[in-house]
Amino acid sequence: MGYVTVSGNSILQRATTLILIFPTGFDLGGQVAIGISHWKSPFPPRRHPLCDSPDGVRSEASAATAPHLPEYQEPVSCPASLSINPISSHCSASQETISDSILKDVKLLMESLEGLSTPSKDGDSTLLDPGTSSILDDNTRTDPAPEVRGRSRSSGLCFSDGKCHIDYILVYRKSGPQSEKREIFERNIRAEGLQMEKELSVCNSDVIFLKLHAPWEVLCRYAELMNIRMPFRRKIYYMHRRYKFMSRMEKRINRFRGWLPRKPMKFDNNTLPDLEENESFTAPFSRSRIHHFTIHNKDTFFNNATRSRIVHHILQRVKYEEGKDKMGLNRLLSNSSYEAAFPLHEGSYRSKNSIRTHGAENHRHLLYECWAWWGVWYKYQPLDLIRRYFGEKIGLYFAWLGWYTGMLFPAALVGLMVFLYGWFTLDHCQVSKEICQATDIIMCPICDEYCPYLRLSDSCIYAKVTHLFDNGATVFFAVFMAVWATVFLEFWKRRRAVLAYDWDLIDWEEEEEEIRPQFEAKYSKKERMNPISGKPEPYQAFTDKYSRLIVSASGIFFMILVVIAAVFGIVIYRVITVSTFAAFGWALIRNNSQVATTGTAVCINFCIIMLLNVLYEKVALLLTNLEQPRTESEWENSFTLKMFLFQFVNLNSSTFYIAFFLGRFTGRPGAYIRLINRWKLEECHPSGCLIDLCMQMGIIMVLKQTWNNFMELGYPLIQNWWTRRRLRQEHGPNAKASFPQWERDYNLQPMNAYGLFDEYLEMILQFGFTTIFVAAFPLAPLLALLNNIIEIRLDAYKFVTQWRRPLPSQAKDIGIWYGILEGIGILSVITNAFVIAVTSDFIPRLVYAYKYGPCAGQGRAGERCMMGYVNASLSMFRVSDFENTSVPRTDGSDTFGEAVKYCRYRDYREPPDSPGEPYSYTLQFWHVLAARLAFIIVFEHMVFTIKNLIAYLIPDLPKDLRDRMRREKYLIQEMMYEAELERLQKEKNEKKKNYRAHHNWE
């Protein structure tokens, strides 16, 4: 190995003779090419005046690694696993000879030594005007090639020198507060080894962008501290031994598959090659074992998401003020020291060239083309690519959403079959036939005074519609959906385990979280020792904690009472308007007064729901802050639970009222139960209450999903359109295209303050609608499936095009939402049992068929056994027994030709001329009541037994995954052992070689 010796006379005048000993030969043929060693400056970097200056931005890059030599003598390229052109992904290194770089380093040292006496004072004096080419001194780094500089300036992903990739952006205003804290914070950032560069905004001269870059040494140091797993060897798949007949069967199946067309939902690897990363064994990164890891290129070894996560980790631990807890970027964002903080998107998501012919420009472009574009709505999601760009937490959300959507296919199919079964058996339904033919049965008015007498046959259409949802397959579908919910959750656990293995999250544990600043400020006077960290921390007394929890629980209970009050208001509206619509001048409304009442009540209820949601968010925020949670995760869990509880009660309270209370406590004609002794409670339609429940669920589900989709995508689109319009007016029509990437990202909308909370909440509430009352509305899974197919692409489009890039973060599962899903699954069993037993006519029909119908005592039940059911389910009432406030204004002579003397109503009561007590309950009523209670008990126990059995039989970890994990653990140990032996053998050979060379020299 040769060496180059350089000395300079000007350096001798200011310091001792400097001799650079630089290796001019190195081996790139090994497994790991680490590159050229760094030159060690004789002057401590932290003593540099420009580095001590909080805004001396011109030289902090050289303070961290100055003078710096290029790590590689080849241009940096994108990872081999992606078909991406090397523009705007990473920045290129300069193409210089070793001797030229050494001379420039000597010149850099001389000029930096001469600048020791002229430190920068002005905080913004070194900022770049948007028209200039660089905000750094020319001798900070070697100048890049002209084409590299032009490309980096156009893409905006690098520093102005075109070499250092921007890992994070901080934004603040010159006129903003807390400038001293910001200066100290930035000085400490430089002390951690991060490089930074400032630049004025093109649109607003008051806005300043602080660009951060983490050098290789910093990335390695913190990757080791954070236990980030990095690849070190490609995976070797272990194939189990299979029996001969299995292999023969597989060959026949594969031959049959060859005749079938390709799966349209999978991506064509020939068209879009290498969408997923190469699978490799990973291990926690260690600098002492760096030779074990596969480092083809230092600039791409840590991907952009990992680099941003490391920089954010550093920023969260940098102090901005004297004091043991005065640290962290989040606190500076909360006190407005910085306006925004975000990692950059990797360039534009659009390209003039086709991705199929020219490849993707960057990962963002690739995500748009194969995920967020509406043309690929039927394709599977590229989860590995989503995880690589947005991090594991967002990747898990989309994995769960995709899994939920896929599991909705069988539920939607079975629900549609139940609906079609009701459609095809409509002409054979004995009950609907009797209702449609009952022209001689006169029904009592459903409201006071204004409602007329009606023929039972007038409700023929509603009886047929009810049969579509309430038929013989309803009970089967309710059991199926209860089992489906369990299978969905159990198989999601298996799917999550596979993702956790593939994404190296099996052994990942969350770090000990920092204490929230609000908690610290409130309880800083009293401290106790943390059992994990062993450090003193603020302590909340037991009495204080639980007194706050009691107050918070009282607030939750009060808000639930507000929901009940809103439902009570809807009930009063229904009671009043049913009489108003019955006296309406328009015949269509007058003849369908009850349906019009239900429809308008549901729409008003939806508006109240949306208004109360705004109130609930503020109340949940207030109550959560009142509890003073210790950490951010505790705060998020508490807030999530409150918001879910509020919105669930708000959304489903009216549905529970219609399902279980509407028409149940109205009394009977002549003895109605009245509200505030004035208004008669609303009755069910003559064809039953299920039609009201179907209308409630259908309208609320469609309106809420439409509104949510509009707010999720429409609001960011409008905001971004308004921003683009303002920029076009101020800077011309093509101004945005010339903006650097940080400027374009800053003009996008930030991610929701609560992260993925809104996305999860919307889907969890939909899951409740899909399962809780599914026995009354079998089409709910189909509506949910159609919505989710759109929802996936809406969320993808929003994340890729409309939002700033969120900070990539890790997570092992979906958190508290899984427990909420399990709770909804248990509640759905109970509610569906009550819907079938109480709301539908399934039990009364069953009792009639086996006990009172033509087939009584024969042990069978069919349509012939239901003859006479309608007449048996209606009771007789004498019109002369009406209360004065309930007497209709017409006696029915104008409709029926003579005055009505008797009318019928839905109930099991004795006739008015009964020898016993008139209008008392019949024996059939008690039989039906007992059968309903027995069905609820049997149904719940049977379904819960099936659910628990399925949960027990389905293991959380697939067997092949368990074997792969054991195999990988064994192979990793073997590989580490072999690599260590190889290293020791290599060192031994080198010692022998050096020993022989030494003896030969002598």
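Just so it is clear, glycine is given a Cβ too, placed from its N, Cα and C backbone atoms.
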Which one of these stretches, 364-383, 644-663, 924-943, shows up in TrEMBL as transmembrane segment?
644-663
Stated TrEMBL location of region 'Disordered', expressed as one of 45-64, 265-284, 885-904:
45-64
Among 71-98, 295-322, 967-994, where does TrEMBL put the label coiled coil?
967-994
Other than its close neighbours in sequence, what residues sit by the transmembrane segment (473-492), given a CB gap under 8 Å and a spacing of at least six beyond its ends?
400, 403-404, 407, 410-411, 414-415, 417-418, 421-422, 770-771, 774-775, 778, 781, 818, 821-822, 824-825, 828-829, 832-833, 835-836, 840, 842, 939, 942-943, 946-947, 950-951, 954, 956
So what pLDDT does the domain 'Anoctamin dimerisation' (158-383) average out to?
80
